[in-house]
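Visitor: Here TrEMBL flags 231-243, 267-280 as compositional bias 'Basic and acidic residues'. Positions annotated as compositional bias 'Polar residues' by TrEMBL: 246-257. The annotation region 'Disordered' is assigned in TrEMBL to 221-280. Taken from TrEMBL, the feature transmembrane segment applies to 12-35, 55-77, 84-104, 116-138, 145-167, 187-213.
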Amino acid sequence: MNPEKKELLTGILSVIGGILIHFTFGHFYTIANMVPYIMAYTKAYVDPNVKDALSIWLSALALGVQGISMPIGGLIAKKIGYRWVVGTSCLFVSGSVLLTYVTIKRSFIGVMITYSLMKGAGLGLGYSVVLAVATAWFPARRGLIVGMIVGGFGLGALIFTPIQTAFINPKNVKVDNVTRRFTDPELLARVPNVFLMLGGILFTLQVIGFALLRAKPQPKALKTAGDMGTEEEKKRLPEEAVDNRVNASPSTHSLTDSPKGPWSAETPKRGRSDSIKSLR
């Protein structure tokens with residue numbers, strides 16, 4: 001295959017990988033849809049004294065941690081490479097959903113740690129890094145690529161929300177008129193299982209997206225320049241070259257080494273007696 005076409009294909013696949021990863025990140029905005037089911041299950045089977053007002057922290061903590069971890073992800077990517085950051089990000093996002101299957105049966109605090117803090121950290125770490133890697137392939141169409149990938153993020157929330165509802169509440173059961181919560185046993189029994197199903201879907205899509213995402217290789221000229229040495233050594237190269245040329249010049253040696261100039265070496269003077277001898 002033509003190298004240019006191969007590079008174009010790799011770039012397109014990389015963008016598709018970025019869209020898939022951000023599509024899974026869009027699951028972040030389904031927290032609000034899951035709050036009524038999480039609170040109903042917690043009150044029914046885990047902690048009947050938990051207050052509904054605490055549910056706001058599920059989204060608030062996730063958003064706060066996302067904002068903190070986003071610049072951290074960019075800094076780490078510069079040090080160790082994008083693959084470690086994006087891979088960790090994906091594991092945090094899908095792992096947070098899978099682990100909530102366990103924590104929701106234990107305590108509401110555990111749900112906050114896995115479904116809120118862990119998910120927010122995963123989203124923040126990889127969000128901007130995926131954009132940077134994918135857009136590097138098409139710098140002239142950077143805005144288009146960003147729009148496509150972020151569109152995948154929004155599409156994730158649009159797709160996963162009805163999937164959650166269809167799995168947990170397929171019969172559209174209404175909340176109790178008195179408690180204003182879901183109390184149907186069959187409905188509540190499906191709440192933990194939805195985390196296993198969605199976590200598996202997220203993980204599968206992330207594996208595909210991670211495999212497709214590739215960084216654009218650097219031009220060879222930049223690689224050669226990078227192998228010339230440290231910045232200080234590069235700065236000294238022109239100066240050392242000038243010094244070498246100056247020291248190699250014989251005329252310059254005579255000018256600089258002798259205090260009297262190039263004619264300072266005295267030639268033997270011919271006296272009168274020497275002249276008479278030569279005439280003889």
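Note: Cβ is positioned from N, Cα and C throughout, glycine not excepted.
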Visitor: In terms of Cβ proximity under 8 Å, which residues at least six beyond the ends of the transmembrane segment (84-104) contact it?
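Guide: Hits for the transmembrane segment (84-104): 21, 24-25, 27-28, 38, 41-42, 46, 73, 76-77, 110-111, 113-115, 118-119, 121-123, 125-127, 129-130, 133, 191-193, 195-196, 198-200, 202-203, 206, 209-210, 213.
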Visitor: Looking only at the recorded stretches 55-77, 145-167, 187-213, which one has the largest tally of CB-CB distances under 8 Å to the transmembrane segment (116-138)?
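Guide: Answer is 55-77, with the largest number of Cβ pairs below 8 Å.
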Visitor: Short question: which residues 6 or more past the ends of the transmembrane segment (187-213) have a Cβ under 8 Å from it?
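Guide: Distant contacts of the transmembrane segment (187-213): 13-14, 16-21, 23-24, 27, 34, 37-38, 40-41, 44-45, 83, 86-87, 90, 93-95, 97-98, 100-101, 104-105, 130, 133-134, 160, 163-164, 167-169, 173.
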Visitor: Excluding the flanking five residues on each side, which residues at least 6 beyond the ends of the transmembrane segment (55-77) place their CB within less than 8 Å of a CB in that stretch?
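Guide: Result: 28, 31-32, 35, 38-39, 84-85, 89, 111-112, 115-117, 119-121, 123-129, 132.
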